Amino acid sequence: MGCCSSASAAQSSKREWKPLEDRSCTDIPWLLLFILFCVGMGFICGFSVATGAAARLVSGYDSYGNICGQRNAKLEAIPNSGLDHTNRKYVFFLDPCNLDLINRKIKSIALCVAACPREELKTLSDVQKFAEINGSALCTYNIKPSEYTQSSKSAGLCPKLPVPASAPIPFFHRCAPVNISCYAKFAEALITFVSDNSVLHRLISGVMTSKEIILGLCLLSLVLSMILMVIIRYISRVLVWILTILVILGSLGGTGVLWWLYAKQRRSPKETVIPEQLQIAEDNLRALLIYAISATVFTVILFLIMLVMRKRVALTIALFHVAGKVFIHLPLLVFQPFWTFFALVLFWAYWIMTLLFLGTTGSAVQNEQGFVEYKISGPLQYMWWYHVVGLIWISEFILACQQMTVAGAVVTYYFTRDKRNLPFTPILASVNRLIRYHLGTVAKGSFIITLVKIPRMILMYIHSQLKGKENACARCMLKSCICCLWCLEKCLNYLNQNAYTATAINSTNFCTSAKDAFVILVENALRVAAINTVGDFMLFLGKVLIVCSTGLAGIMLLNYQQDYTVWVLPLIIVCLFAFLVAHCFLSIYEMVVDVLFLCFAIDTKYNDGSPGREFYMDKVLMEFVENSRKAMKEAGKGGAADARELKPMASGTSSA
C-alpha cells in the first residue's frame, strides 16, 4: 500500500501544516473494513451465480422450474418439472401483456419454446400451424399440437388470442412483443400525466424521430459547459458586480412598487363602493401593507449583508479567477466527471446484474397457483439489505475519490511556488497518493454519508407507502425528519470535502483533518458565507444559461421538424441532460474554488510574507491581501471583525 511506518505515531506528533510533506497512510482500519465489505459484495455475486441463478437469469425458466435450453432434474412434488428443454431455448408467456405493476412482473404462465412467433397468430388454427411448421408448441406441455383446436381445455392452456408478434431479447432468451403497445398501462403507471395511449405513442415517436437532434443538442450542452468554465475566469469580476447591482435594483424596485400600490389603493375613493367590495379592498390594502413592510425589512437586511460582505465578494472574484488558471495548468481536471461517471456506470451495471441474479436464486417453492418461484430462506435472505447498503457506500466512495483527487491536484498547484515546476501530470500524482495513502480516509468519509443517507431513504420509502393513509401530524413529522437528514447530509458533504483537502495537505486521518478544516472554516465564517452564496449563485446562473441556450437551440431545430407533432419530451430530455452536464462540470469548478479557499485560509494563517514565511498564493490573491492591508491602515481602528479576520495578513511584508 506504500506504507512503511505507523501513521498514528506520525499524526500524533505532527500538528503544523506542512503541505505535501511527511506523507503517511491514514485510517488503515477503515480501509480494511471497506475491503472486507467489498469481499462480502463479491460473495453475494458468487453465491447467486454458483446457485444456478446465472443460468436461470440468462436462459430463463418456465413456470415449472425448468431452465430453457438444457436438461433439467425433477423437482419433488412439482408437476411438469424435470423436462428436457435442450431444443427449447426461449421463454414464451401465454399472456405477455398481463403485468403486475406492484410486484413488477408478468402474471402469466411461462413456457420454454423452440422459436418465438414472428408474426401475429389470430386463431388457434394459426397457433397449431405454427407448432407443426416450426416445431414450437405455444400451449402448455399437457396438450399436444394436434389437440389445440379440438380440446375444450385449449382456452386456458393456450396463449391469449391474438398472439402478438414477438422476438427474442438479445442475451436473455425471452420472447417479447414487437409492438410495445400492450405495455402502455405500465408506462402510464410510470408517467402519470399520460392518460391517452395516443399521446404516449406520439411522445415516443417524437423521441425516435429526433434522436439525431437530441444527440447534437447534448453535445452542444457539453461544449457550452466547457466554454463557460473558461470564460468565467475572465468575466468573474464583471459578473459578480452585475449580479449584485441587479439584486439591489430588484429589491429596491419591488419595495418601491409595493409602497406605490399601497399609497394608490389608500387614496382611491371608497364612497361609491358596495360593502362587500369595500371589505375586499380593505383586505387587499392590509395585505399590501404587510408585503411592503416585509419587502422593506428584506431590503434593509440585504443592504446590511452586502455592506458587511463587500470585501469578501472581492475574495470570491479572486478565487474564481485563480480557479480559471488552475484549469489552464491542469486541463485533465475537466475530464474528472467523465471518469467518475464511467466508474459509477460500471459499478451500477455490476450491482444491477447481481440484483437480477439474486432475484432468481434460492430454492424452488410452489406458489398458490401451483407454479414455481425461487426464494431465499434463512439468514441469506438479508443479503438484499447488504447489497443495497453496498450500492450507497461504494457509490459515495467513488464520488469521494473524485473529491480527494481534485483536492490533491489543486493543493499541488497552490503550494508549488514556481508553476513551471509542477509535476507533469498532477492529476495522476494525486491519484497515486490517494491509492497509496488515503483510501481509508475516503472509505470513512463515504461511510459517514451512508449512515445519514440510509435513514433518510427509509423514511422516504415509509412516506411513499403511507401516502394518503397517515394523519397530518405524522406526515409533518416525517417530512421534517427527511428535511433535517437532508440538511445534515449536505453539511457533512461540505465538511467531508474540506477534510479531504486537509488530508491532501497534511496527510492526517479523517477525524483530525475534519477538525482542523472545521476550525479554519469557523475562523473565516463570513468569507465562507460569501463564497457559498455569491459563488454558488454565479454557478447556478451558469447552469441556467446552459440549459436555456440548449433549450432555445432545441426549440429552433425541433420547430422545423414536420415528421411528428409532439416534441415536448425530446426537449425535456435535452434540457435535463444539459442541466446534468452543466452541473457535473460546474460542480468541479465549485470544488476547485472550495479547495483554493481552504488553501488560502491556511496560507494566510501560517504565513505572513516575511522571509522564511513567504506566501504560496497566486498574484491575484496577493493583490487581494495587499488591498486588504491598505484598507486596514486607512481605516485605523476599523471594524473588529475585519481586523480579526485579516490579522494573519496584517504583519510582515508580502512576497511575489
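Note that the numbers count up from 1, one per residue, in the order the chain is shown.
The backbone N, Cα and C atoms fix where each Cβ goes, glycine too.
Taken from TrEMBL, the feature compositional bias 'Basic and acidic residues' covers 635-647.
Marked as region 'Disordered' by TrEMBL: 635-656.
Here TrEMBL flags 28-50 (among others) as transmembrane segment. If one looks beyond the transmembrane segment (28-50) by at least 6 residues along the same chain, the residues whose Cβ comes under 8 Å of a Cβ in the stretch are 1, 3, 7, 350, 354, 357-358, 360-361, 380, 383, 386-387, 390, 393-394, 397, 439-441, 443-444, 447, 510.
Residues or ranges marked as transmembrane segment in TrEMBL: 213-232 (among others).
With a threshold of 8 Å between CB atoms, the same-chain residues lying at least 6 positions outside the transmembrane segment (238-262) that come near it are 232, 285, 288-289, 291-292, 295-296, 298-299, 302-303, 306, 313, 316-317, 320, 534, 537-538, 541. The transmembrane segment annotation in TrEMBL covers 238-262 (among others).
Residues 244, 247-248, 251-252, 254-255, 258-259, 261-262, 265 of the same chain lie 6+ residues outside the transmembrane segment (288-307) yet bring a C-beta within less than 8 angstroms of a C-beta in it. Under the heading transmembrane segment, TrEMBL lists 288-307 (among others).
For 313-334 (among others), the entry in TrEMBL reads transmembrane segment.
Residues or ranges marked as transmembrane segment in TrEMBL: 341-364 (among others).
Residues or ranges marked as transmembrane segment by TrEMBL: 384-415 (among others).
Annotated transmembrane segment per TrEMBL: 537-558 (among others), in sequence order. Away from its own ends, the transmembrane segment (537-558) comes close to residues 210, 213, 216-217, 220-221, 224-225, 228, 232, 236, 239-240, 243, 320, 567, 570-571, 574-575, 578-579, 581-583, 586, 589-590 of its chain (Cβ-Cβ under 8 Å, at least six residues beyond either end).
Under the heading transmembrane segment, TrEMBL lists 564-586 (among others).
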Segment proximity, the transmembrane segment (213-232) to the transmembrane segment (341-364), 3 or more C-beta pairs under 8 Å: no
